[in-house]
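Some features that Swiss-Prot has for this protein:
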type: COMPBIAS; residues: 920-936; note: compositional bias 'Polar residues'
type: COMPBIAS; residues: 937-952; note: compositional bias 'Low complexity'
type: COMPBIAS; residues: 970-997; note: compositional bias 'Polar residues'
type: COMPBIAS; residues: 1018-1030; note: compositional bias 'Polar residues'
type: DISULFID; residues: C107-C117; note: disulfide bond
type: DISULFID; residues: C135-C144; note: disulfide bond
type: DISULFID; residues: C258-C369; note: disulfide bond
type: DISULFID; residues: C283-C328; note: disulfide bond
type: DISULFID; residues: C477-C506; note: disulfide bond
type: DISULFID; residues: C515-C533; note: disulfide bond
type: DISULFID; residues: C521-C568; note: disulfide bond
type: DISULFID; residues: C525-C542; note: disulfide bond
type: DOMAIN; residues: 24-512; note: domain 'Sema'
type: MOD_RES; residues: S698; note: phosphoserine
type: MOD_RES; residues: S952; note: phosphoserine
type: TOPO_DOM; residues: 671-1030; note: topological domain 'Cytoplasmic'
type: TRANSMEM; residues: 650-670; note: transmembrane segment
Amino acid sequence: MRSEALLLYFTLLHFAGAGFPEDSEPISISHGNYTKQYPVFVGHKPGRNTTQRHRLDIQMIMIMNGTLYIAARDHIYTVDIDTSHTEEIYCSKKLTWKSRQADVDTCRMKGKHKDECHNFIKVLLKKNDDALFVCGTNAFNPSCRNYKMDTLEPFGDEFSGMARCPYDAKHANVALFADGKLYSATVTDFLAIDAVIYRSLGESPTLRTVKHDSKWLKEPYFVQAVDYGDYIYFFFREIAVEYNTMGKVVFPRVAQVCKNDMGGSQRVLEKQWTSFLKARLNCSVPGDSHFYFNILQAVTDVIRINGRDVVLATFSTPYNSIPGSAVCAYDMLDIASVFTGRFKEQKSPDSTWTPVPDERVPKPRPGCCAGSSSLERYATSNEFPDDTLNFIKTHPLMDEAVPSIFNRPWFLRTMVRYRLTKIAVDTAAGPYQNHTVVFLGSEKGIILKFLARIGNSGFLNDSLFLEEMSVYNSEKCSYDGVEDKRIMGMQLDRASSSLYVAFSTCVIKVPLGRCERHGKCKKTCIASRDPYCGWIKEGGACSHLSPNSRLTFEQDIERGNTDGLGDCHNSFVALNGHSSSLLPSTTTSDSTAQEGYESRGGMLDWKHLLDSPDSTDPLGAVSSHNHQDKKGVIRESYLKGHDQLVPVTLLAIAVILAFVMGAVFSGITVYCVCDHRRKDVAVVQRKEKELTHSRRGSMSSVTKLSGLFGDTQSKDPKPEAILTPLMHNGKLATPGNTAKMLIKADQHHLDLTALPTPESTPTLQQKRKPSRGSREWERNQNLINACTKDMPPMGSPVIPTDLPLRASPSHIPSVVVLPITQQGYQHEYVDQPKMSEVAQMALEDQAATLEYKTIKEHLSSKSPNHGVNLVENLDSLPPKVPQREASLGPPGASLSQTGLSKRLEMHHSSSYGVDYKRSYPTNSLTRSHQATTLKRNNTNSSNSSHLSRNQSFGRGDNPPPAPQRVDSIQVHSSQPSGQAVTVSRQPSLNAYNSLTRSGLKRTPSLKPDVPPKPSFAPLSTSMKPNDACT
């Protein structure tokens, strides 16, 4: 069972490591408002004018023998670490080394800027106990000197710094002294083409790497040099020669050279390294496809952790990619093991790099130091065989890469916009000096503080993110308004518990721990898990713990257990990435804060606090001694931590119930909204359907007169009405002899854009006329048509047309025949006294009945059998009505506002031609006079008849407008005579001076079909005597 559990654990660990780890959050955060209290060095001496400043251009800092050395441009400053500093750090000594004017002039002649033609100190080493070795760029002419450590006075001769110091301050270089010899790595020419790892000084011969050989070095950037055992290790990054086909791929490298290397023979590798080997450093996130951090930024010296010698290195992504940084740890034994592995070679310039088989490796093995256990018979490297020397010359690259501990980064930082560039380690942190704390510096002036936790195997397997600090002081470090936040170097001094952080314009002294921020809050002090801080029981405050402290204190570095400790109200330390409180901690604001807290039941009055004249910035500086005198600021309940937590089961149930209730509520809301919309749509559709049916029943017979003849409103105050040709005067006769308006004119807006405009057709007044019903009306018309069938037509001019005369059962007749006497005209066009609509309707009904009886008697007297049969047959036959009508008069005709009278004259001649003629009389006669004229015409001719139906559209005084065109219809008769029947319509052009005897009454249609071409014929007023049906 135990073995299965272990197997499951390692499987889960493997899968957990396969994914990309997330960034850890800091326990504590210190912003710039708090760290600006730290002392700053800007190049001043004590007692001097502090307002004057000059550009420092700090290149590096070092701590030697309790003294901080600051290497800058043209100067070296020393600072006594033991001297306490409050606001500003003053230098104790200052060394000035400026370039000679001749070197400056030469530098300017080579095209360099005057700011570059200075002496930038790039090498500052302790040569021995009494001397310093210093090298500078010296206006692109590197030079080196020796100085006394205590007085900073030069001694000895100045010598060339070529291959020891770079020409340009921007170029990277490393150097160290080992066994009295200087090992340096830099460039040796003005153009920085020849990169070299160089050994000089001392009794050993000068050695260097092979010149202009990309297999040895290809555009390297040197980071660190480490002395370990029999070798000197150089850490750098360069363009990977084994990946030339993929472009400029940069790999981190580690190279080794033997300390006792004396160079090769006179034939091979003379005055060159015979032990130079290099290998790749692997710092990547494991997975199916490894994610590599290839830009090496900084490397520590060899440090000892739990009995193992390791180096810590910071890596980052390329500068043209997304920012990301990682810290990897390497065991020195792993590095040495790689250099004893297989070599890598390229057989041809176009081939890939492959491992070299072991049988091809010569003896003695290349890369070993002379006099070692495997090369005891070779006292010096000059005695190596040529095969060994030739092989090491062409095969300096190892096949395998140096793996990091646990094959994964020790720390990752990928969700930020900066890269980690510097590193400093305290391997004896805490009161018992048993913890390892790492400080990482970034290019944005931010320092990250980590606790290195050691696993059971003795290797680094986890890290604890303790603190994040923003230490750059913009007020004191900016120069000419420019803020350069890149960290140039970090030096840790364990004796003073300080970390010196160097920028290009200043140096800031940062305490290793910020214990005073916790004040008298025990919970935050323990939860910070800072090895430098502890809860002092005697003073009841969180204080810094010095090594071998005899004070009684409490710490919990491994777990940070705070069970039973109450919350604090006077701490703004961020725990687990979140600020626990933002209450101020300065002495001047404590009383004000306490008063506001007590008066409001535990809530601090921030407005009162900020408005107080004695208050300071809530995020301002805090002194460590201010918290010792505070009273009544801490509120601790001493409740068990688990009592304040919510059970996971209850939390899960609450979440599920909240989700279900939200889903139900959402469903009900959606249903209600959809149902409401569905009802609205149904109501709209029902209304549209009813409106469609009403329109369909009225459109074929209803005409909007106001839209047809113009937009001018009638003078009659009565509302406008739609007129129908089937009902007299637009009114519907009801059994009660009451007239009703059919349809209001403003209820329908007909599309009459194709009809004449108001400019050509004046406005007509509308009126309605009662009707006796469509069925009775049709019988009367059929009887009248029957009585005129056998009568000879009256001679009149006929206008021919090609349009046939058709009748359709579904077509509402627009041309009907009515017997109209001359009294009808008088009724329509002569001003009469107003009478009620009921009286008018009764009078018209009597006239219609009289006409019907007269026609019937006439038919019976003329031809009894023929007339009766004809009358009976016509009751069931619809009238023959032309399908196209509604000709309009010319625009220039004189119109009247009294009403519109349309009449068609029908003449029977010997050729049986029927002529429909429309005329508009100007004079109206009485009905009795009309009847007399009709009887007189019947005595002259019994075969001709003129019947007129008068449709009045208004009660105005003026005559109706004349039509604009004439439709002529010619019908070929089927009678034996072979004569044609012609129906014509034409306007009256005689200014309405004569009145026709009888005619056909036409009604306007709603919308005429395609009109024929207008044709005009002279109006003939000569008529033959006709016989009217009596």
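For all residues, glycine too, the Cβ spot is worked out from N, Cα and C.
Note that this is a predicted model, so its numbers are computed, not measured.
Here the features listed in Swiss-Prot are painted onto the structure.
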residue	record	DSSP class
C117	disulfide bond	coil
C135	disulfide bond	strand
C258	disulfide bond	strand
C328	disulfide bond	strand
C477	disulfide bond	helix
C506	disulfide bond	coil
C515	disulfide bond	helix
C521	disulfide bond	coil
C542	disulfide bond	strand
Candidates C477, C506, C533 (disulfide-bonded residues) - the one closest to C542 (disulfide bond) by CA: C533
Could you find out if DSSP has C283 (disulfide bond) as helix, strand or coil? coil
Counting across all protein chains shown, how many other Cβ atoms sit within 10 Å of the Cβ of C521 (disulfide bond)? 29
Compute the C-alpha separation of C144 (disulfide bond) from C117 (disulfide bond), stating it in Å without decimals. 16
C258 (disulfide bond) has its Cβ surrounded, within 10 angstroms, by a count of other Cβ atoms equal to 23
Let me make sure I understand the structure: which of the disulfide-bonded residues listed (C135, C477) has the fewest other Cβ atoms within 10 A of its Cβ? C477
Given the disulfide-bonded residues C117, C283, C369, find the one whose Cα is closest in space to the Cα of C506 (disulfide bond). C117
Mean of the pLDDT scores, which run from 0 to 100, over the topological domain 'Cytoplasmic' (671-1030): 48
What is the one among the disulfide-bonded residues C117, C328, C369 whose Cβ has the most other Cβ atoms less than or equal to 10 Å away? C328
Nearest to C135 (disulfide bond) by C-alpha distance, among the disulfide-bonded residues C117, C515, C521, C525, C568, is C117
Helix, strand or coil: which one is C144 (disulfide bond) in, per DSSP? strand
